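Engineer: Pasting the relevant annotations from Swiss-Prot:
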type     : residues : note
ACT_SITE : R478     : active site
ACT_SITE : S503     : active site
ACT_SITE : E576     : active site
DOMAIN   : 383-614  : domain 'TR mART core'
Amino acid sequence: MELITELFDEDTTLPITNLYPKKKIPQIFSVHVDDAIEQPGFRLCTYTSGGDTNRDLKMGDKMMHIVPFTLTAKGSIAKLKGLGPSPINYINSVFTVAMQTMRQYKIDACMLRILKSKTAGQARQIQVIADRLIRSRSGGRYVLLKELWDYDKKYAYILIHRKNVSLEDIPGVPEISTELFTKVESKVGDVYINKDTGAQVTKNEAIAASIAQENDKRSDQAVIVKVKISRRAIAQSQSLESSRFETPMFQKFEASAAELNKPADAPLISDSNELTVISTSGFALENALSSVTAGMAFREASIIPEDKESIINAEIKNKALERLRKESITSIKTLETIASIVDDTLEKYKGAWFERNINKHSHLNQDAANELVQNSWNAIKTKIIRRELRGYALTAGWSLHPIVENKDSSKYTPAQKRGIREYVGSGYVDINNALLGLYNPDERTSILTASDIEKAIDNLDSAFKNGERLPKGITLYRSQRMLPSIYEAMVKNRVFYFRNFVSTSLYPNIFGTWMTDSSIGVLPDEKRLSVSIDKTDEGLVNSSDNLVGIGWVITGADKVNVVLPGGSLAPSNEMEVILPRGLMVKVNKITDASYNDGTVKTNNKLIQAEVMTTEELTESVIYDGDHLMETGELVTMTGDIEDRVDFASFVSSNVKQKVESSLGIIASCIDIANMPYKFVQG
C-alpha cells in the first residue's frame, strides 16, 4: 500500500464534464477514463431525511454526498459498473471537484460511498489516497473520519469534514444511534457503550457506526431516478480524447460554445443566387461529367478494346445527364448516381473479362481460380470507381471556385479579419488544440502564445456573430480521423459534438482529392458489400491504421451562421466554409467505406449528418431511472405523461431525410491520405 501511495501522482486528474451546466452549483459529472465507451461519473446531492429522499445541492447546505454512476454510450445514467482501469485517478478527480465545491459553497462535510466490488480490489488504497489528497490540498482545514473506513464489508466509505466543526453539529450528519449505543456520562466526558458487545467506544466510532447504519439502507438507484442531464454535455463528454488540459481558456470557451449555434440570424452570403444557380446548372454538370473518362480506365485495365473507349465515355455521360437534371452538382446523390452508373457499365463487361482471366489459372482448382479472379476484379473495380469520382468531384467543385475567389469580405471588421486569417493560415492547429483541450501551456511547441490564441478565438467568435448564411441545399464535406472508442459512442448516440471550429469545403474533397477516400461507400448496397470489408456498415475494420477514417457529408449548414472566407482572406482553392465551434450534428446514415484494392486496406466510414441548432436540442431531460434500470429503456418524466425517447432520434429534427439504398458505392471512395490537417482536425 505504501508503494502505491508513493507512486501516486496527486496532480493526475482525468477530464471531467459537467453534464448539467445550467445548475448554479455544478453537481453531475462524467469522468473521461481512457477510451472506454462507457464512462464513470458522479452526482453531488444531499438527503432530506434518514431515508432515500435526495435532492440537488443548494446554497446553505452543509452535508454533501457523492454518488458514483456509469454514463452509458447511449447517454443514459446507470448504476456504477466500475471505475475504469485506474480507480485511484478517478478518486483523485472526484475529490478535486469535491474540495473545490466544499470550499466555494462553504460545505462542512462530504461523503463518498462506493461498492468495494467496483474498486478492482483497491478500496483501501482509495481511502489512503483520499486521506493524502485532503491533507495536502486543504491546508489542514479538512480531515477524514478514519473510524468509518473498516465499518462495512460491502461498502468503502470516505467522509471528509471541516476540522474545526464537530461532526454531530453538521446538519445532515445523523445523530448517534440509540439503537446501537448507550450514552454514559463520566468524569472525562460522554462515553458510548456498544449495546451488542458492551465495549466502550469513542464518540467518533459511534458517529461512524451511526452514519454507516443510515447509509447502508440507501440505494444508488434512488439518486439516479429523475436525474437531469444536458444532451449537449453528454455529446461533449463522449467526444473527448483520452487526455486534455482543462486550462481556464478551455473552460471559458467550452462554456460559451452553445451561443454560437443558435438559429442563423445573419444575411445570406452576397453571392447566394450565383451559388444556387451554378450548383444546379446543366452546363456545369455537363462540364464536370466530361472529366469522367471511364472508357480509358476500362481500356487500361484490359476490360474493353481501344475502339470502345469513346463509346463507354458517351454512354456514362448521357445516362448521368438524363438522371441528374436540376440536381446539385456536388450533392451526395449526384456522386452516388455517377458511381452507380460506372459500376453498372463495368458489370456489362465482367463476364468476358472473367472468362479471359480465369483461363490463365488452369493449374488451380475451380474454386481457387474463381476466388483469385474475383478478388482481382474487385480490386480493379474499386480503383476505377475511385478514379472517376475523384475526377468528377474536382471538376464539379472547381465550378464553384469563382464565387469563392471573388468573395467580398468587407463586412468583417479588421479584428474579425485578423482572426479569420490566423485560423485559415498556420494558426488553426493552435486554435483548435486549445478548444479540444490539447494545448499544453507548459510546452511551447505552438506558433501562437496562449494570449494570441485566446484573442484569435474571440475574434473568430465575433466574426461568426457578424457572419453570413448559406442558401438551403448546399452540401459540405470534411474528413476526420477518430479514435475507435469515440466512433463507437457516436454510433450508439447518433450525434457528434465538434469542440473546435469546423473546416469544411464546398466541393467533395473526401473523394480522393485529399484525405479519406470514401468512393466505395456510394455503391448500391448489394454491389458495395461485395468489395467493402465491413458488412455491417457501422462496425470496425482491422487495418494498418488504428484510427477510423470519417468522410463527413454535412447538410443543414444554412441553419447556423457560418464564415466563408474566400477573396483576400483565405486560399480560394480550398473553397473553405468554417462552421462554428460547439457544433452538434445528428448522424442520419453511416455507410462502410472500407476497401481493399490490392495494395491498401482501409477503415473508412461515410457519414451523412445534419447540423442541429440549440433550439433543436432539448438541453435537459428528467429520466425515469427506475424504468431504465428495470427495462433498459429510456423514458422521460413529464409530470403524469411518459414520453419514450428513441436514441436513433436522440436529438429532435423536423427534417425527415430519405436515405437512398444505393448510397453504398460512394462511401468507399473516401480518401484521407493527403488532406490539409484543418479539414481533419477534431
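Backbone N, Cα and C atoms are what each Cβ position is placed from, and that goes for glycine too.
These figures come from a predicted structure and were not determined experimentally.
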Engineer: On the 0 to 100 scale, where does the mean pLDDT of the domain 'TR mART core' (383-614) fall?
Structural biologist: 82
Engineer: Give me the Cα-Cα distance between R478 (active site) and E576 (active site), rounded to a whole Å.
Structural biologist: 10
Engineer: What is the Cβ neighbour count of R478 (active site) at a 10 Å cut-off, with all protein chains included?
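Structural biologist: Step by step: centre on the Cβ of R478 (active site), count other Cβ atoms within 10 Å, giving 28.
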Engineer: Rounded to the nearest Å, what's the C-alpha distance separating S503 (active site) and E576 (active site)? Just drop the number here, would you?
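Structural biologist: Cα-Cα distance, S503 (active site) to E576 (active site): 7 Å.
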Engineer: Tell me the Cβ neighbour count for E576 (active site), meaning other Cβ atoms within 10 Å of its Cβ, over all protein chains shown.
Structural biologist: 25
Engineer: Can you tell me how many other Cβ atoms are located within 10 Å of the Cβ belonging to S503 (active site)?
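Structural biologist: There are 25 of them.
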